[in-house]
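Q: Below is a structure I'd like to ask you about.
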């Protein structure tokens, strides 16, 4: 895409953007929705580490504060940097063309500087818990910014798998803030659940937005290999979630039943996609189910510790 075409896209995006407040623009810059959803997984890791180490949350309120604020700043920072990196392709996609780095509400230099500052500030807050929490935060940030955004996103269909590594780190940040050894198997089950969950989640989104990804030149799996192969991959990864609750027996039978029912429901919906003619409608259903799945699953992990 030449410079003139890019300018036309930018101008079109700007003129079609609704009026927004400075706060709304800031929330879009740091991708507040992503930060909020990942905060749940950070808190779950923190809470379960307390539970399995026989510790009280009231005795660790300071660590809870530093963990939530620190991880939130790290995630917000890497999202800012992602907006900075993707500012050339975001105008080409419907769901990203109103980002403040596209519309001009925030200049690229500000997004870069602000992202780096709050990222470093996040590491400082995490350092007030344990060095291992900082290391986990760094691994997540490096994977998302360098390995995903700068390297694989625009080159390989495996970009989804690489990006899922960074998205699986937040519960380990929370756990490491309490137990830096990360020696309990449930800590790594949280990582595996988050890693595997993201792949069918984002592949479903890629099917829904396949034309946008194609227009932006991003080699998502459905763009390169089509819907049938993508649906098979979604099913393979969804089935991989099925045995994981049985390695989390420490959370009790109630959680194992809830998690297994959620997994079976997702698998059944997935198989339905091979009979359904409207692939886009099915991908939306899979995407919505995945969001509800994650929320119910992680809230259940917390709730069962009270009984």
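Using the three backbone atoms N, Cα and C, a Cβ is placed for every residue, glycine included.
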Q: Looking at 224-244, 287-307, which one does Swiss-Prot call transmembrane segment?
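A: From Swiss-Prot, the annotated transmembrane segment range turns out to be 287-307.
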Q: Tally Cβ pairs under 8 Å between the transmembrane segment (131-151) and each listed stretch (65-85, 186-206, 287-307), then give the stretch with the top tally.
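A: Comparing 65-85, 186-206, 287-307: 65-85 has the most Cβ pairs near the transmembrane segment (131-151).
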Q: What stretch in 32-52, 65-85, 108-128, 251-271, 287-307 has the biggest tally of Cβ pairs under 8 Å against the transmembrane segment (158-178)?
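A: When the Cβ pairs under 8 Å are tallied, 32-52 comes out ahead.
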Q: So which residues does the transmembrane segment (108-128) touch in its own chain, when a touch means Cβ under 8 Å and the partner is 6 or more beyond its ends?
A: 29-30, 62-63, 66-67, 69-81, 83-84, 87, 100-101, 134, 137-138, 141, 173, 177
